[in-house]
Every structure is written in structure tokens, then in C-alpha cells.
Amino acid sequence: MPERLAEMLLDLWTPLIILWITLPPCIYMAPMNQSQVLMSGSPLELNSLGEEQRILNRSKRGWVWNQMFVLEEFSGPEPILVGRLHTDLDPGSKKIKYILSGDGAGTIFQINDVTGDIHAIKRLDREEKAEYTLTAQAVDWETSKPLEPPSEFIIKVQDINDNAPEFLNGPYHATVPEMSILGTSVTNVTATDADDPVYGNSAKLVYSILEGQPYFSIEPETAIIKTALPNMDREAKEEYLVVIQAKDMGGHSGGLSGTTTLTVTLTDVNDNPPKFAQSLYHFSVPEDVVLGTAIGRVKANDQDIGENAQSSYDIIDGDGTALFEITSDAQAQDGIIRLRKPLDFETKKSYTLKVEAANVHIDPRFSGRGPFKDTATVKIVVEDADEPPVFSSPTYLLEVHENAALNSVIGQVTARDPDITSSPIRFSIDRHTDLERQFNINADDGKITLATPLDRELSVWHNITIIATEIRNHSQISRVPVAIKVLDVNDNAPEFASEYEAFLCENGKPGQVIQTVSAMDKDDPKNGHYFLYSLLPEMVNNPNFTIKKNEDNSLSILAKHNGFNRQKQEVYLLPIIISDSGNPPLSSTSTLTIRVCGCSNDGVVQSCNVEAYVLPIGLSMGALIAILACIILLLVIVVLFVTLRRHKNEPLIIKDDEDVRENIIRYDDEGGGEEDTEAFDIATLQNPDGINGFLPRKDIKPDLQFMPRQGLAPVPNGVDVDEFINVRLHEADNDPTAPPYDSIQIYGYEGRGSVAGSLSSLESTTSDSDQNFDYLSDWGPRFKRLGELYSVGESDKET
């Protein structure tokens with residue numbers, strides 16, 4: 001505390017001492033109009049100077065002062081004297097009044113209007129306001145007239161060390177790569193001090209580390225934090241806490257200080273190689289496992305993190321490199337061993353692999369710590385499994401002639417059980433692929449035989465599936481596709497490729513080609529088709545036509561002469577024999593129809609029918625047939641119409657002569673007949689003068705008795721029917737005795753109290769005695785017919 005007090009006193013008196021030292025030059029160099037000097041609140045009267053100096057410095061009027069200073073945070077028992085105002089016009093007779101105005105006048109600073117002394121009446125804070133500008137003026141005490149123009153002066157607040165440094169952005173976080181060299185910059189921090197940075201050392205800061213050595217250091221003036229130790233290892237310690245101090249007064253004793261924290265995190269670098277947890281791995285896998293199945297996982301641990309710990313796995317050696325593969329799982333950072341090709345326990349029972357794990361991202365700065373890879377041995381044991389039969393071939397292709405005999409052997413399939421037990425195999429045909437059951441197979445030896453005749457012309461290929469099943473385990477089955485090709489034999493005779501009809505002009509020339517025909521054969525010989533054409537033996541010397549074989553395997557028919565007459569013979573039939581080149585050859589006879597037609601001079605056919613001579617000009621046989629068909633259709637329509645007109649439907653209701661109508665209403669009469677007594681009378685509707693305004697209900701007895709209502713006023717003749725109906729509608733709507741039509745009507749008591757009972761009550765009967773309807777005859781003539789229909793007669797009783 002004594003040291004602290006001495007420093008504060010030193011800060012207080014330092015400016016006063018400096019001002020005192022510089023005082024004589026200021027006095028001698030003062031202008032001629034100055035009569036008094038004010039220094040730091042302590043005025044120096046000119047009366048204390050020599051007589052000569054007083055004579056030189058006298059003036060009629062004027063202010064003399066420098067800047068005034070006042071210490072901040074001063075809290076004495078009395079107001080602190082800041083300075084004194086004085087003018088050379090003041091002889092000391094107390095006839096001059098001093099007035100102070102400006103910043104803080106009257107509130108912070110107070111002036112003695114007689115002596116001119118200025119006092120600070122409040123505690124000042126330089127950090128809030130560093131200086132105040134005020135105006136001083138001397139006026140006559142009695143008249144208040146200004147004696148001199150006002151003058152401005154400044155009161156500056158002197159700083160003291162009353163604010164500690166602050167880290168406004170703390171606490172801090174920073175990162176630095178592990179294994180960094182000595183002196184690597186980590187970050188920098190900044191503290192601020194609210195004291196005056198110009199005056200004294202109150203705002204001069206010095207930084208230091210309170211906690212965090214020996215790992216980090218700090219520049220005292222720049223606050224740059226650096227590494228103090230090289231090669232710090234993240235795997236040993238990842239995070240460090242550093243406490244930083246900022247102290248003012250240049251770090252000297254008695255200065256104020258502030259602290260903050262810095263958390264330094266070491267970031268990872270790839271400085272550690274991967275390492276397998278074990279040098280030997282054992283896995284087992286069934287021989288029937290599906291391709292691509294994961295057999296096992298191997299993992300190489302890496303102390304690094306992130307991408308620095310990523311490793312790729314490879315199979316670099318072993319006797320199963322072709323059967324197995326390994327893939328890297330970036331998520332789990334391990335290697336997955338999968339099956340690439342099928343396994344066979346009977347062939348090889350175990351495999352040995354050498355697996356390598358290598359870092360993907362290698363930092364060349366740490367290559368000397370390598371190699372960044374590791375190897376391990378993987379032992380895979382194949383387990384025996386009950387496998388399905390294996391065919392000797394993945395597919396089979398068989399050929400058979402279409403004329404093969406039934407039950408003849410087409411081919412054979414073979415299969416075996418690959419297991420050591422070697423179970424017997426049973427063969428069968430998947431009938432979904434042989435719906436017509438054209439083939440059979442021997443269940444023991446797999447020989448395929450023909451069950452039904454084949455026809456290559458219907459189907460050339462037959463694709464069936466053969467099933468092989470183990471006898472000891474029926475769940476073990478295998479399938480193989482078998483394609484059977486039907487080979488052709490010459491079993492179809494050739495024939496015309498289409499229905500040919502030749503036309504011959506009456507004015508044709510000898511040797512003219514009448515028609516060119518071609519043949520087709522459903523068979524498919526290996527060397528292609530070759531047809532032979534000839535006429536029947538009895539038609540070889542045909543006087544009218546001859547044939548000629550063409551190079552394209554077609555046939556041309558030629559006329560031997562001209563002068564054909566269609567009136568003598570309209571149609572000629574020419575039988576032609578067509579033979580193929582099969583072994584043995586087959587042949588057929590096709591007949592060509594040749595019509596004689598009338599042609600124009602240029603050979604265009606115009607008419608080929610004899611009827612053309614007897615038909616009307618311009619009307620062909622087709623047109624006559626169409627006309628006749630239309631006439632027949634019209635006759636059918638007329639007959640149908642007449643038949644429908646003559647047809648009469650029997651009436652739905654049979655009228656009985658003995659029908660006694662009495663009160664029965666016949667609704668087949670429009671309007672209800674004579675029983676429709678409630679119909680509106682149009683005359684009454686047109687003249688409703690005498691109608692009573694209220695018509696009581698006759699079907700029910702009202703619960704309450706109402707007084708007779710006043711009748712409606714007479715309306716003039718010719719009133720509109722619509723108005724009358726609206727009045728009646730209003731009466732019906734307001735009738736309290738009328739039940740609502742939307743209410744539930746109960747018919748459960750219908751017919752009760754009647755001797756005959758309800759007609760609508762139907763019930764099941766258990767015997768013929770229950771069906772006695774004799775009482776219907778007692779109901780009167782209306783039910784006589786009904787009683788005859790349902791009464792039990794004597795004949796019925798006898799039966």
C-alpha cells in the first residue's frame with residue numbers, strides 16, 4: 001500500500017512540477033495585455049514580480065491563463081480548487097463580477113463571482129469526459145454590463161490508473177497441429193485499458209502466461225502465443241488450458257491486471273500407422289454360401305482420427321485370391337472379406353489369405369515413422385453342406401427326326417451328387433415346360449424318350465426343363481434346360497403357293513404367257529427346294545395349253561393357239577403335277593382354272609362372264625344381287641311390322657263377371673271413376689264465397705275442442721285458383737289435429753279385433769291343416785273367387 005500511494009502522488013504532482021519548471025519562460029514571453037497567469041489552479045500574482053516587470057506587462061484590459069487541470073476521481077471533503085479567473089480591470093474593489101458558462105458550468109464547476117475561484121463540486125471520470133470547454137466573462141457588479149469580451153478556456157481531466165485491462169473477446173479457443181515445431185504461432189489475444197494511453201503508463205499493457213507452461217509462451221507486448229515445446233503428441237494429450245494475464249503500468253508493481261483463458265486443441269496429423277489387433281484371423285464358411293456373402297471382418301486400429309485413420313484393405317497373397325475379395329468399410333474402418341466364386345468342400349477344405357491394411361492419406365513429413373501399413377493372416381475353413389445335384393452340362397441340345405418312333409430315345413442327361421455321401425439321383429420333367437407331354441424321361445438314368453408324334457411343321461423347337469432330385473433329401477434339386485430340335489423329313493408334298501386363277505383373252509396370241517405360278521413345300525430340305533412340274537399323262541398332248549419351267553423354280557402356262565371363244569367354252573381346267581426333290585420325292589396335283597375373257601385391243605380384260613351378254617347394258621351380276629338383297633330385307637321389315645301390329649297383349653287384370661264392385665275402386669280408370677268424389681269442382685274453386693273457412697278432420701277425433709273460427713271474408717268472383725289453394729295450404733299447415741307426415745306410423749296392430757284377422761299377417765305353416773281358407777267364403781261375393789282358389793275340396797282331401 002505505501003508503494004501504491006507513492007505512485008499515485010507521483011502521478012498527481014508530475015504535471016505540476018513540469019509546469020512549475022516551465023513557468024519563467026512563459027511569464028517573460030507573455031503578451032503585453034496579460035495581467036495574470038493561472039497555472040493548474042494556482043494563480044501567480046504580478047505583485048510578486050519586480051517593479052520593472054510590472055511596468056512592462058501592464059495593459060488596460062485582458063485575460064491571462066493556460067489550460068486548467070483537475071484530477072479525476074478526487075473525493076476530498078471540500079470541493080477541489082481548479083483555478084482562478086482574474087482581469088487587470090479588477091482593482092480589488094469587489095465591483096467586478098465573474099460569470100462562468102459552458103460545459104458543466106454550475107453543475108460540475110462552480111465559480112466564486114467575487115474572487116473568480118473555480119471549484120469542481122463533483123467527482124470527475126476521465127473515461128466519461130476528458131475535457132470541458134467553458135467561457136469566462138467579467139461584468140460590472142451593479143450594472144451587469146460586460147467589461148470585456150468573453151473568453152474560452154479548457155479544463156482537462158487528468159488520468160489516474162483506475163481501470164484494469166479487459167479481454168473483451170475471451171475466453172479464446174485455438175488449434176495447432178500436433179507435432180508442430182518449436183515457436184509455431186498458435187493465436188494472439190488482445191486486452192484493452194480504458195485509461196489514457198498518452199499520459200503515463202496507465203494504459204501500457206504487458207502480457208504473461210500464468211498457467212500453461214512449459215507448453216506455450218507469449219510475446220509480452222504483441223500477445224502472440226507460440227508453442228514452447230516441439231512435437232506435442234495429440235494421442236498423449238489433446239487439449240491444453242492456458243491462463244493469460246494483461247497488466248498495465250508496463251507490468252510494474254502496483255499496476256492493475258486482467259486475465260483470460262485460452263483453450264488450445266491439438267489437431268491430428270497422420271503420424272501413426274495402422275495396426276491389426278491380431279496377427280491371425282479364423283473364419284469358417286459353408287460351401288453352399290451365396291456369392292457376395294460377407295465371410296468375416298478384419299480391422300487395423302489407427303490412433304489417428306478422421307481421414308488420417310482411413311485405411312484400404314487388400315489381399316496380397318494366399319491360395320484363395322481368386323475365390324475371395326476384400327472391401328473397405330469407410331464407416332467402420334474395417335475390411336470385409338466376401339466370396340467371389342463358389343466353394344467346393346470336396347475339392348478344397350481350407351484357404352489361407354494374407355491381408356494388408358494401408359493408410360490412404362500419408363503425410364510425407366512423417367514418412368520416417370512408416371511404413372504406414374500392416375499385414376495379417378486369415379485362415380478360412382470350408383464347411384461341408386448338402387449340395388444339390390450337379391448336371392454334367394449347364395444346358396443340353398438334342399436333335400430328333402420328326403418321324404422318330406414313339407418311345408425312341410432322343411438323348412440323355414446326367415447328374416451327380418457332389419457330396420461325399422453321393423446320394424442317388426432321380427430325374428423328372430417339369431411338366432410346366434411340357435404341357436402336351438410329348439417327352440418322357442427315365443427316372444434312373446436320365447434317358448429322354450418320345451411320347452407323342454412330332455411334326456416339324458408345327459413346332460421346330462421344344463424347350464423342356466429336367467429336374468434332378470436327391471433321393472435321400474428331396475429338398476436338394478437342380479434344374480437344367482434341354483432344347484430339342486425337330487429335324488425335317490420329306491413328309492409334305494408341294495402345292496401351289498396360292499389359289500391361282502388365270503385369264504385368257506379371246507384375241508390372245510399363240511405362245512402368250514397366260515399365268516406364272518409358283519409352288520411351296522412345308523418341308524425344309526437342307527439344300528433348299530427344287531420343284532418339277534408336269535402335266536397329267538392324258539393331258540400331255542393338250543391342244544390348248546402348254547407349260548414351261550422357269551429358272552426361279554416357277555412355272556409359266558402358255559396358250560398354243562388363238563381364237564378362243566368364251567361363248568363356246570368359258571372355263572378350262574389344267575391339272576399340273578408338282579414334285580419335290582426329297583428322298584423319296586413327294587408330289588401332288590394342283591388344278592389351274594383358266595377363264596376366257598373379252599379384252600380390248602391392247603389386252604386389257606373387260607368381261608369374263610357369259611351372263612354379260614344377257615344382262616342389261618351397264619348392270620352387272622353383282623349389282624343385281626345387291627338390289628335383290630335390298631328388296632328381301634325390305635320385305636322382312638314389312639312382315640315384322642305387320643306382325644307386331646296384329647299382336648295384342650293379354651290384360652294384366654282378368655275381369656270377372658261376378659265381380660261385385662260395391663266400394664272397390666278401380667284404379668285403371670283415369671281419375672278414379674265414379675268413386676273419385678273428392679275431386680276439385682272448378683266451379684266451386686272459381687266461386688268460394690260460401691265455403692266454410694275451416695273444415696274439421698273426419699278421420700280422427702281431436703284431443704282439444706276449439707272454438708269455431710271466423711269464416712273467411714268473401715272474395716270477389718273470379719278469384720284465382722292459385723290463391724284458393726294457398727289458403728287451403730295455410731289451413732292444413734296450421735291444423736293442430738293433423739299428424740306430421742314425417743312421423744313414424746305404427747302398423748303393428750293392424751287387423752286386431754277383426755274376426756277374419758289381418759290379410760297382411762303372413763306366417764309359416766307346419767302342416768296342411770294350417771292352410772284352411774274356408775272362412776274366405778263367408779266374407780261375401782268379393783272374396784268368393786279367392787275362396788275357391790284356396791279352399792280344400794273333397795278331391796283334395798281324398799288325395
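All residue numbers here begin at 1 and follow the chain in the order shown.
For all residues, glycine too, the Cβ spot is worked out from N, Cα and C.
Among the features that Swiss-Prot reports, domain 'Cadherin 2' is placed at 168-276, with the record citing sequence analysis.
Annotation source Swiss-Prot lists N-linked glycosylation site at Asn33 (among others), citing sequence analysis.
The annotation N-linked glycosylation site is assigned in Swiss-Prot to Asn57 (among others).
Asn188 (N-linked glycosylation site) carries a strand DSSP state (E or B). Look at Swiss-Prot and you will find Asn188 (among others) tagged as N-linked glycosylation site.
Here Swiss-Prot flags Asn463 (among others) as N-linked glycosylation site. In the three-state DSSP classification, Asn463 (N-linked glycosylation site) falls within a strand.
Per Swiss-Prot, the feature N-linked glycosylation site maps to Asn473 (among others). All protein chains shown were included, and the count of other CB atoms within 10 Å of the CB of Asn473 (N-linked glycosylation site) stands at 14.
The feature N-linked glycosylation site is assigned by Swiss-Prot to Asn544 (among others), with sequence analysis given as support. Taken residue by residue with DSSP, Asn544 (N-linked glycosylation site) is part of neither helix nor strand, so it is coil.
Annotated phosphoserine per Swiss-Prot: Ser795, in sequence order, evidence recorded as similarity to another entry.
According to Swiss-Prot, the signal peptide annotation covers 1-29, on the basis of sequence analysis.
Residues annotated as topological domain 'Extracellular' in Swiss-Prot: 62-621.
Among the features that Swiss-Prot reports, transmembrane segment is placed at 622-642, with the record citing sequence analysis.
Note on the domain 'Cadherin 2' (168-276): DSSP counts are 3 helix, 46 strand, 60 coil. Rounded to a whole number, the distance between the Cα atoms of Asn188 (N-linked glycosylation site) and Asn473 (N-linked glycosylation site) is 80 Å. Residue environment of Asn544 (N-linked glycosylation site) contains 14 other Cβ atoms, counted within 10 Å of its Cβ in all protein chains. Look at the Cβ of each of the glycosylation sites Asn188, Asn463 and count the other Cβ atoms within 10 Å; the largest number goes with Asn188. Confidence over the domain 'Cadherin 2' (168-276), given as mean pLDDT on the 0 to 100 scale, stands at 90.
Taking CA atoms as the reference points, Asn188 (N-linked glycosylation site) and Asn463 (N-linked glycosylation site) are 84 Å apart.
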